[in-house]
């Protein structure tokens, strides 16, 4: 039987939601992750230090794992102050601020419409060593949804990188060859997370033979040439790329609807799904760096010191999983996952 022991991984982009669903989402992500960076797009958004610390307390109240710890982020708005950034940084629990272009994804209506309005805040973040996380899509109606990421790179991200050369930036959940190339060619302060579902699937999986709503996420799945570029980047050993699931649960009826929500749930099997990708590429030896080393190294945090063991043993993912009083349909529902964490 094939086994693989790696340093305990971290998830550098995770949605846990809030309220009664935390019992389920914290359990799923806390099974084998050491840390997870929790996204702040609640309703209302997590815009202050007090809100972030309160959210952290609610997560910890449901955390049954001695090895799992949430790291928090602030939701960046045009009203965010430099004082708030400094206060957040001083807590030791809030490690980043998240830039959502207004309307780009779930609960992003409070996001930034004019990037220049937050330049003073980016300057403070650069000075304080607070990381900037970016949902890299434009949201103007004249840009096709499949082109939003590429346009963002050219019109928004490139100027930010140029104007703030010391600001550490993570381009979240990249979906295009353009984004992978941008990160590779940028300086050492620019990195990216990549999801398991963007490595395993492309837009054909979502659209051919009937619409599959559980593959619908933002940024949207792209064509297979972009998928292959992401796989190459993730499995290459390049330290600029690391694991961020963007596991984003919605209740089954909110996905299977005339106007369904964006987000795919992978927390039930995240490292197992990544292992499939790396095995398929013959690069299992690079999984540990992607999952366990590159993220903490970029964040200037210590690597985890304990390990987990994966076994090449197929199991069937559940058709549905508990999500508070509702159910969530996970990726690979009712289908085989090739690896299992022992």
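Note that Cβ sites are derived from N, Cα and C of the backbone, with glycine treated the same way.
Swiss-Prot lists 13, 15, 98 as binding Zn(2+) 1, and of 181, 246, 253 the one it places in that same site is 246. Binding site for substrate per Swiss-Prot: 15, 16, 17, 41, 135, 218, 262, plus 250 from the candidate set 141, 226, 250, 268. Here residue 15 (Zn(2+) 1 binding site) is compared against the recorded positions 173, 246, 250, 262, and the shortest C-alpha distance is to 246. Straight-line distance linking the Cα atoms of residue 13 (Zn(2+) 1 binding site) and residue 246 (active site), rounded to a whole number, equals 5 Å.
Separating the Cα atoms of residue 173 (Zn(2+) 2 binding site) and residue 17 (substrate binding site) is a whole-number distance of 18 Å. Cα-Cα distance from residue 250 (substrate binding site) to residue 98 (Zn(2+) 1 binding site): 21 Å (rounded to the nearest whole number).
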